[in-house]
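The following features are taken from TrEMBL:
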type	residues	note
TRANSMEM	20-42	transmembrane segment
TRANSMEM	62-84	transmembrane segment
TRANSMEM	91-115	transmembrane segment
DISULFID	CYS153-CYS186	disulfide bond
DISULFID	CYS154-CYS170	disulfide bond
TRANSMEM	233-254	transmembrane segment
Amino acid sequence: MHYYRYSNAEVSCWYKYLLFSYNIVFWLAGVAFLAAGLWAWSEKGVLSDLTKVTGLHGLDPVVLVLVVGIVMFTLGFAGCVGALRENICLLKFFCGTIVFIFLLELAVAVLAVLFQDWVRDKVKEFFENNIKSYRDDIDLQNLIDSLQRINHCCGAQGPDDWDFNIYFNCSSESKSREKCGVPFSCCIPDPAQKVVNTQCGYDVRKKSKSQWDDQIFIKGCILALEAWLPRNIYVVAGVFIAISLLQIFGIFLARTLISDIEAVKAGNAF
């Protein structure tokens, strides 16, 4: 086997192995997300009965983890193999997908700014749909509880949104012990309590609304998130810029390596 060095062009080892290192991180992160998602599904018995996925009307956070894992695993694999094997097709696939994701992020950010009322309505609708499925999936339940506890909020627009859930609904037909209550994550925590009282929200909404703010958070989570964003705009902007720079760096490496490979092939053709 003979190796040839072309006098007019050559593939840069720096770009080649930088791109490989860049993508190995992607690939390992994708493996971690996939492993976590599959483990969570196995714990819920979804792997033995896939109909449980379609039976949930709200968001299953595990699905989001798996989708992110699949995308990162695929991109990392394509980038690693494309860089090592100097495969233009795989490198173009990696580069094109990163460009598409980058443009999609920009489009979402711009639309979110231009159509704030529409976004607010969609977030409200999304949150209400997930409230309906609160007891159907443990991961969704933990996600909503974390959101309410961290942001000191309850429901989408307020505590009455929990009427969308059959267990917390105040209707006379409901036989649930949680009837006309709210989840424990809506309760104002008592610093003296070392153990979380999961029944603190029982029967709260049977009382007059003037008594609610002594026991539960009365602000809706949409309002809480709207108030959180201006306070943390620099953090959000910093994260967005960091992610964008990483994507641009990956695109630059891939495009440079593609150009080197094409130049070497063109030189070899003569």
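Glycine is no exception: its Cβ is also placed from the backbone N, Cα and C atoms.
Automatic prediction, not curation, is the source of TrEMBL annotations.
When Cβ-Cβ distances under 8 Å to the transmembrane segment (20-42) are tallied for each of 62-84, 91-115, 233-254, the top count falls to 62-84. Using a Cβ-Cβ cut-off under 8 Å and counting only residues 6 or more beyond its ends in the same chain, the transmembrane segment (91-115) has close neighbours at 23, 75, 78-79, 82-83, 240, 243-244, 247-248, 250-251, 254-255, 257-258, 261. Comparing Cβ neighbour counts within 10 Å across the disulfide-bonded residues CYS153, CYS154, CYS170, the minimum falls on CYS170. Across the fold, the C-alpha of CYS186 (disulfide bond) and the C-alpha of CYS154 (disulfide bond) stand 5 Å from each other. The Cβ neighbour count for CYS186 (disulfide bond), using a 10 Å radius over every protein chain in view, is 27.
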